[in-house]
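Structure first, commentary second.
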Amino acid sequence: MTDRTCLSIVLAAGEGTRMKSNLPKVLHQVAGLPLVSHVVTAVQGTGKSDIALVVGRGADDVRAAVEKNAGPVSAFEQKERLGTAHAVLAAREAIERGYDDLLIVFGDTPLIEAQSLQKARERLAEGADVVVIGFRPDNPHGYGRLIEKGDKLVAIIEEKEATEEQKQIGFCNGGLMAVRGQHALALLDAVGNDNAKGEYYLTDIVAIAHSKGMNVTAIEVPVDNVIGINNRVELAEAEAIWQQRKRREMMLAGVTLIAPETVFFSHDTLIEADVIVEPNVFFGPRVHVATGALIHSFSHMEGAYVGPKAEIGPFARLRPGANLGEKTKVGNFCEVKNATVHKGAKINHLTYIGDATVGASSNIGAGTITCNYDGYNKYKTVIGENAFIGSNSSLVAPVEIGDNAYIASGSTITDNVPADALAFGRARQETKEGRAKILREKYAAIKAAKTATK
């Protein structure tokens, strides 16, 4: 298989009107990745393949989304909507380059797996000329039926055209197919539009190929592989299936999910073995959690690295650029953004650390914030090793706190603090004996006077 060339035609020109959205359908996301990018990822999982993207509405945006993850692709605009075969032929220029295999896939089927497409390509390598990907739903009503004679596929019959006997067939058309490259254009050009809608249907190439004595066959894949997305309900269903797959994959790889159904991953989440994830945790894009870490409930992460044996949460938020070293702690109601926290440092409660470096073994007290933004620009806070930042401190960047320095609680620090120094940045306390009693009597009298006038 590795020496066979392949062109994958990704049909992504559908209007998607049932999505009720200004966004092209294929750019809606599952697990933080556009539908069409899931499909391209699966295609690339079969081995080296050139990509021909057939686009319509939002063509530039669709192409940009695909290339962000897949690298350069060829894009072809389908200017008229005249059926699936017509859509494939929009990429005629690419097909004419000549390939061993032609994969035809749909940009709105994000759950298709690489192994399913690989299986279709393997059939081509074994001698098939056309391979249709089929499935067996619990209820086949509404789907085109795959009509077989022995191990050969002879036709695809749509539900409305099927006889009662054919409607009993449970093997249905998944829409995706693989075609031997040398026959692709001849088969596609032979498709006519003699039907009620006057459209050119890709499914017709099955009967055409069979009539020419070609080897046409079908393979069966799991039902979820061919689920197409047409509305927001189906989008949510696809998300649920994807998450279920990912949770299983994570647990089989050595990650403990205490309540799997409450944990949500992104398409690129990387979690190493022996990590424990408590209930109700969300992983956004670009998160890597190293071995032995503990993620407590209600934590939200994106664009973050969590080091070995680190502890996060509960109710912690890690934003892009958070880089937490080994055995660090980011506790409840803490937010870390664009900051490196070195080994053993603790940020336990009610704290914001942004655009900062926290040295090894330092302790950040409750309520501490780095004041990193003046409304126009961001500035950096550097905290040395083994520093102690007292509770309710404000560190006004740019500022540096030296190794082993102490910051008194309640301080506002605007100047650099040398190593081993103790810094205060607050008003001196004054205590007035008996004043509280006088104030209580005064305020009670005011309240009583207001009540009497009502």
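Heads up, residue numbers simply count up from 1 along the chain you see.
Including glycine, each Cβ sits where the backbone N, Cα and C put it.
Here is what Swiss-Prot records for this protein:
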- 1-232: region 'Pyrophosphorylase' (REGION)
- 11-14, LYS25, GLN78, 83-84, GLY144, GLU158, ASN173, ASN230, ARG319, LYS337, TYR352, ASN363: UDP-N-acetyl-alpha-D-glucosamine binding site (BINDING)
- ASP108, ASN230: Mg(2+) binding site (BINDING)
- 233-253: region 'Linker' (REGION)
- 254-454: region 'N-acetyltransferase' (REGION)
- HIS349: active site, proton acceptor (ACT_SITE)
- ALA366, ASN372, TYR373, SER391, SER409, ARG426: acetyl-CoA binding site (BINDING)
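Overlay of Swiss-Prot feature records on the structure.
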{"residue": "ALA13", "record": "UDP-N-acetyl-alpha-D-glucosamine binding site", "Cβ within 10 Å": "26"}
{"residue": "LYS25", "record": "UDP-N-acetyl-alpha-D-glucosamine binding site", "Cβ within 10 Å": "28"}
{"residue": "ASP108", "record": "Mg(2+) binding site", "Cβ within 10 Å": "25"}
{"residue": "ASN230", "record": "Mg(2+) binding site", "Cβ within 10 Å": "15"}
{"residue": "ARG319", "record": "UDP-N-acetyl-alpha-D-glucosamine binding site", "Cβ within 10 Å": "17"}
{"residue": "HIS349", "record": "active site, proton acceptor", "Cβ within 10 Å": "16"}
{"residue": "TYR352", "record": "UDP-N-acetyl-alpha-D-glucosamine binding site", "Cβ within 10 Å": "20"}
{"residue": "ALA366", "record": "acetyl-CoA binding site", "Cβ within 10 Å": "19"}
{"residue": "ASN372", "record": "acetyl-CoA binding site", "Cβ within 10 Å": "23"}
{"residue": "SER409", "record": "acetyl-CoA binding site", "Cβ within 10 Å": "15"}
Least Cβ-packed of the binding-site residues ASN173, SER391 (other Cβ atoms within 10 Å) is SER391
Model confidence for the region 'Linker' (233-253), as mean pLDDT, reads 98
Comparing the Cα of ASP108 (Mg(2+) binding site) with the Cα atoms of the binding-site residues LEU11, GLY144, SER391, SER409, the shortest distance belongs to LEU11
Cα-Cα, HIS349 (active site, proton acceptor) versus LEU11 (UDP-N-acetyl-alpha-D-glucosamine binding site), nearest Å, comes out at 50
ASN372 (acetyl-CoA binding site) -> DSSP, reduced to three states, gives coil
CA pair LYS25 (UDP-N-acetyl-alpha-D-glucosamine binding site) / ASN230 (Mg(2+) binding site), Å rounded to integer, equals 8
Ordered by sequence, the long-range same-chain Cβ contacts of GLY83 (UDP-N-acetyl-alpha-D-glucosamine binding site) under 8 Å (at least 6 apart) are ASN193, LYS197, GLU199, TYR200, TYR201, LEU202
Lying 6 or more residues past either end of the region 'Linker' (233-253) yet within Cβ distance under 8 Å of it, the residues of that chain are 19, 28, 30-31, 110-111, 224, 227, 260-261, 263-265, 269, 271, 273
Long-range Cβ list for TYR373 (acetyl-CoA binding site), cut-off under 8 Å, min separation 6+ in sequence, same chain only, gives GLY354, TYR379
Within 10 angstroms of the C-beta of LEU11 (UDP-N-acetyl-alpha-D-glucosamine binding site), the count of other C-beta atoms across all shown chains comes to 28
If we take the residues ALA366, ASN372, TYR373, SER391, SER409, ARG426 that the record assigns to acetyl-CoA, their largest CA-CA distance in Å comes out at 22
Same-chain residues at least 6 apart in sequence with Cβ under 8 Å of the Cβ of ARG426 (acetyl-CoA binding site), in sequence order, are ALA408, GLY410, SER411, THR412
Whole-Å Cα distance, SER409 (acetyl-CoA binding site) to ALA13 (UDP-N-acetyl-alpha-D-glucosamine binding site), is 60
Among ASN230, ASN372, SER391, i.e. the binding-site residues, the one with its Cα nearest that of ARG319 (UDP-N-acetyl-alpha-D-glucosamine binding site) is ASN372
